[in-house]
Amino acid sequence: MIERGKFRSLTLINWNGFFARTFDLDELVTTLSGGNGAGKSTTMAAFVTALIPDLTLLHFRNTTEAGATSGSRDKGLHGKLKAGVCYSMLDTINSRHQRVVVGVRLQQVAGRDRKVDIKPFAIQGLPMSVQPTQLVTETLNERQARVLSLAELKDKLDEMEGVQFKQFNSITDYHSLMFDLGIIARRLRSASDRSKFYRLIEASLYGGISSAITRSLRDYLLPENSGVRKAFQDMEAALRENRLTLEAIRVTQSDRDLFKHLISEATDYVAADYMRHANERRVHLDQALAFRRELYTSRKQLAAEQYKHVDMARELGEHNGAEGSLEADYQAASDHLNLVQTALRQQEKIERYEADLEELQIRLEEQNEVVAEAAEMQDENEARAEAAELEVDELKSQLADYQQALDVQQTRAIQYNQAISALARAKELCHLPDLTPESAAEWLDTFQAKEQEATEKLLSLEQKMSVAQTAHSQFEQAYQLVAAINGPLARSEAWDVARELLRDGVNQRHLAEQVQPLRMRLSELEQRLREQQEAERLLAEFCKRQGKNFDIDELEALHQELEARIASLSDSVSSASEQRMALRQEQEQLQSRIQHLMRRAPVWLAAQNSLNQLSEQCGEEFTSSQEVTEYLQQLLEREREAIVERDEVGARKNAVDEEIERLSQPGGAEDQRLNALAERFGGVLLSEIYDDVSLEDAPYFSALYGPSRHAIVVPDLSQIAEQLEGLTDCPEDLYLIEGDPQSFDDSVFSVDELEKAVVVKIADRQWRYSRFPSLPIFGRAARENRIESLHAEREVLSERFATLSFDVQKTQRLHQAFSRFIGSHLSVAFEDDPEAEIRRLNGRRVELERALATHENDNQQQRLQFEQAKEGVSALNRLLPRLNLLADETLADRVDEIQERLDEAQEAARFVQQYGNQLAKLEPVVSVLQSDPEQFEQLKEDYAWSQQMQRDARQQAFALAEVVERRAHFSYSDSAEMLSGNSDLNEKLRQRLEQAEAERTRAREALRSHAAQLSQYSQVLASLKSSYDTKKELLNDLQRELQDIGVRADSGAEERARQRRDELHAQLSNNRSRRNQLEKALTFCEAEMENLTRKLRKLERDYHEMREQVVTAKAGWCAVMRMVKDNGVERRLHRRELAYLSADELRSMSDKALGALRLAVADNEHLRDVLRLSEDPKRPERKIQFFVAVYQHLRERIRQDIIRTDDPVEAIEQMEIELSRLTEELTSREQKLAISSRSVANIIRKTIQREQNRIRMLNQGLQSVSFGQVNSVRLNVNVRETHATLLDVLSEQQEQHQDLFNSNRLTFSEALAKLYQRLNPQIDMGQRTPQTIGEELLDYRNYLEMEVEVNRGSDGWLRAESGALSTGEAIGTGMSILVMVVQSWEDEARRLRGKDISPCRLLFLDEAARLDARSIATLFELCERLQMQLIIAAPENISPEKGTTYKLVRKVFQNTEHVHVVGLRGFAPQLPETLPGTQTEDTPSEAS
């Protein structure tokens, strides 16, 4: 036996008064005991919330505001929760022993509305050892715990192996899982199902007989018979569809001409607009493509112009930069020319001053010689004067001396004095204070040697003086020359410097002689260097223009290649015009041919459309006119054959219909008259007696009775003998058999059964042999089998007849279509396709246009290449003669070398030019420089000093000699005083003295006169020297200025500078000319770019507008095409012949059709509105909608589902052809589909009986239920009187109301509603339609009335009403009804759920104190018998003997409110055990 699922426990987390509380639920009754406010209702509210987490339903009424018109906003739930995360969880074990924890996470939402957020979830696979509180709480310490959020709970469960956590976004999914796992009894698919479930729980919770339940017990207990209703609805829909089809066929036939006109005009109206939009779209696409091509071309042109602009700007920048450098170079060259000219003028001044200096030098030298001669003469005069003075002085001395030596004594005295004087003089002269006469001899030798040395030195100096005196003037002149050339120098270095200068002068003269050749060579090399630089520039420019770097070795080959290319390009360019002319001529011919084909295309397309229609209709492909005529002959023959076969099939079909009608007679009577005769004779047809014979026995009995199988069995033949007289309305052979119809058997014949046959012995002399018929029709099974086969044959025959009729008509239409085609289109239909030719020619035209564009582009490129090649050849022509220059890599080095040598030579030339004369003058007198010009004076001084030294030495030697000679005189000291005189000697001395004085006077006069002359000569010399120095200084300044100018002032410098300036001027002019050209070209390019930019902007704007228009049109067109394809009207609208009409012609065609359509749809409101909407030119899809609406209208009118073509015109023609056949077929189908009213009544009666039996079975479970005075409870089900009458009429008196059920205008439901109104005219139906009422009457539940009855005391069975029962009795009665509902739900849901699951049963009861102990015991017994769990709440004065009781006490401790819970299991003498699971974190359990 399958165990029923149970609720194990209820867990409340963070509810008001319950932080973490788990209530273990008893298998039967769990009692919550406590005073007011203890938390009983909160606990039950938590259970209900976890069971039905729907905020639209939850409403705990004990919090309802008193006197308010509506309940509290939070419906009593918000106030039962604490802030933060709250949980309510149910721990269950289902029939499969699976533990499932379901629950909800609740959280208060801040705000005035006091809302609560609810999230349902489920946990599967949880081990039994894990308590629910352990899942959702986290212990922080011994006294604190934290509630986990839903995400944290999910993460925690994900870590547990085998545990599945599911969170639900919808209550339906939550309840679906609970139903599948056996937690709830019914699958709650919708909000109404949840509402029923909640109302049941609410009725259980608050007790009593719920009016919401009792008023709608039918919805709770009686299942909906949707299959029967759907069968009726399908039948009615089929009948309605048949009737509508028939009506539509008739209406379509009557509206045939209107529809043809409507189709034709609608097609013209929409197809013209459709093709106009297609043409415009193609034109717009072509325009957009043209715009895009032009845009791309303009972009390419703009890009080319931009590249050109960049190149020209870059070249202009280069030229601007080059112009600056050229201007600087030109200015530098001009300045250089000016400097050269200035230098030349300076050079001329220098040369002029040098000539003046040379002249002054000559005069100065001459004056120097004059001054030197005068000086020499002055020296001689001074010597003569000095000699005269000395002679006078000597004579005076001698005269004095000789005057003293008058006698010997005087002489000796004089000699002694002289000796003393001589000794003193010797001491003084010899600087020998210790000199004595005795040592004088020794000193005499010494001083004589010194005298000899001084004499030799003096002689040497005299020799030098003689030489120096001769070269004195030359030395000064040479020294001045060396100083002039070399600059200031030491006089001692003059000789060496002069020799170096002379040697250098030789080199300088040699170098100066090379100036002109070097200058010519440098000029030549500079010219070659400039040519080389020009060639390099040309090569770089050439490579730049060619876009490739070339080696020098490749230039000649490139030149030949470019010449060959020029030749080939010249030929190509010359032949391009002819080729372009040929292409344009072919293009014009193609255009003319295309125009001709476009005029012929519509006629050919019309012929092809007609030919394609013929091909589609006949399924043949025609390639020539002969095949068309041959096929027309075949059609005529086929038409004749089809007509013959159709007539044969029609005859066979009529025979089958007659046989079916005969076999369909009631009781198996093939003749309807037999039934009337059987009733008349009071008998029964033999076929009706054997109506139940099996299909296997049917052949035997058919053969057994033979022709008498249609006999009538009567009780007594004698009683009908009189009735046979005058009987005319009967078959030709009427068989009558006597027998009891209730116990008739086949013993009336003697029968021998053979193989597949019988022999019937009718009499002794009459036997009948009958074989078993292959198709027996005796008995209902045989007849039905035969009728079924006949029906199948009839279907085949009907289909075949319809096919043949259709084929005949189709053949006839084909014949007419072929005749029209031959008359109108045969001449052009088999010509070549002009559109294919047009496409080919257009492709060729596009190729020609592309070829022309390519040709123009190639021609332009060839011209550009030709020009580039010519420019390249021109550049190469300038480059090739200079290849040797380009290959000369040492030219610049040679120029630098020659420049250096020229600089040296020019420096030498300037040196020679400046100092050549000085060097020429210096060369013959250079030898005089061996003696320093300053040493002449030194030499004179040395000579004078040597002469003085020699004189001194001589005087010293003479003095010493005199001392030595006078050694004897020192002994004449006594004669010193003795004087004597010699008058003669004195007189001679006096005469010589006078002569000497006279000579001295003459010498002095000559000296004075010559000194004046020397002074005059010296003044002239000083003037010349001053003039020379001035000019020399000016010359030096000019030379310094020339050096400062820094240019070579040679003869060709000015010409070279002028040539360089002219070259730079030419380059600058060329550069400026090119720059002006580039500026003009750049301006033109910028203007062209601006024009292209404006054009590009306009093109982009036009292109974007056109593209936007194309895209918009494409979107609309896509919508149109999608609508066209979805509705299958593309073939009708895409008429290719209209593509060759202009937009005005198509618009005119559409307007004409529109005018005709307005008249055609004037009476049809829908089509008129759609047509009015379709007139919007901006919404072409509305025309398609109109066209679709027209065809939809036609389909609705002509029933497209039963014809064999999608062409409305053909459909109308086929409808006319097959109208009678379809009418007959649909009528018979309606008769087969139509269900009899008696069958409907039987179905409803059987359903009612089945449900009454089920309710009776449910009542058996409530027989022993008693509450107070209520001894028993039952559910009474009765059929309403009005509906019972309806059932009776439907089953027995339906013939009286055939006007309702046979009406083609009423469905069966409507006819049923009309019958109900006819039977019950007193009932007001309100605003409900007959269809709605009829559908309600087809639901058996509306036939039943259900009410709850109780057997109470002496009153017997009474209707259970709250007013007639006490509170406890009402509670018990309501609980019984709810148990019945739950059990009914389980029975109903058993087929939807697994057979191995028995769902949990649990109900609530609040305030159970109103029940007495007997009633509570009854509840316990009911729970035990029905395996139901019950949760009841009661104050402290109720103590059930069974189940589990929780004592709840709400306490406040330190401003914290909590509920103290103690769990007890039953009452017994021993101490009850404390229930597991009641220990919590906030409140300990207590046992009592």
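Keep in mind that glycine also has a Cβ here, set from the backbone N, Cα and C atoms.
Note that the structure is a prediction, hence the values are computed from the model and not measured.
Taken straight from Swiss-Prot:
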BINDING   GLY34, GLY35, ASN36, GLY37, ALA38, GLY39, LYS40, SER41  ATP binding site
COILED    326-418  coiled coil
COILED    444-472  coiled coil
COILED    509-602  coiled coil
REGION    666-783  region 'Flexible hinge'
COILED    835-923  coiled coil
COILED    977-1116  coiled coil
REGION    1049-1074  region 'Disordered'
COMPBIAS  1051-1065  compositional bias 'Basic and acidic residues'
COILED    1209-1265  coiled coil
- Model confidence over the coiled coil (1209-1265), as mean pLDDT, sits at 68
- Message: Are there residues at least six beyond either end of the region 'Disordered' (1049-1074) with Cβ under 8 Å to its Cβ atoms? List them, or say none.
- Response: 319, 322-323, 326-327, 329-330, 333-334, 336-337, 340-341, 343-344, 346-347, 515, 519, 523, 530, 906, 909, 1042
- Looking at 326-418, 509-602, 835-923, which one has the highest count of Cβ pairs under 8 angstroms to the coiled coil (977-1116)? 326-418
- Task: Across all the protein chains here, work out how many other Cβ atoms are within 10 Å of the Cβ of GLY35 (ATP binding site).
- Result: 11
- Task: Starting from the Cβ of SER41 (ATP binding site), draw a 10 Å sphere and report how many other Cβ atoms land inside it.
- Result: 21
- All-chain count of other Cβ atoms within 10 Å of GLY39 (ATP binding site): 28
- For SER41 (ATP binding site), which DSSP three-state class applies? helix
- Message: Cβ within 8 Å of the ATP site centroid (GLY34, GLY35, ASN36, GLY37, ALA38, GLY39, LYS40, SER41 excluded): which residues?
- Response: THR42, ALA1433, LEU1448, ARG1450
- Item | Least buried by Cβ count (within 10 Å) of the binding-site residues GLY34, GLY37 | GLY37
- Counting other CB atoms within 10 Å of each candidate's CB, the least crowded of the binding-site residues ASN36, ALA38, LYS40 is ASN36
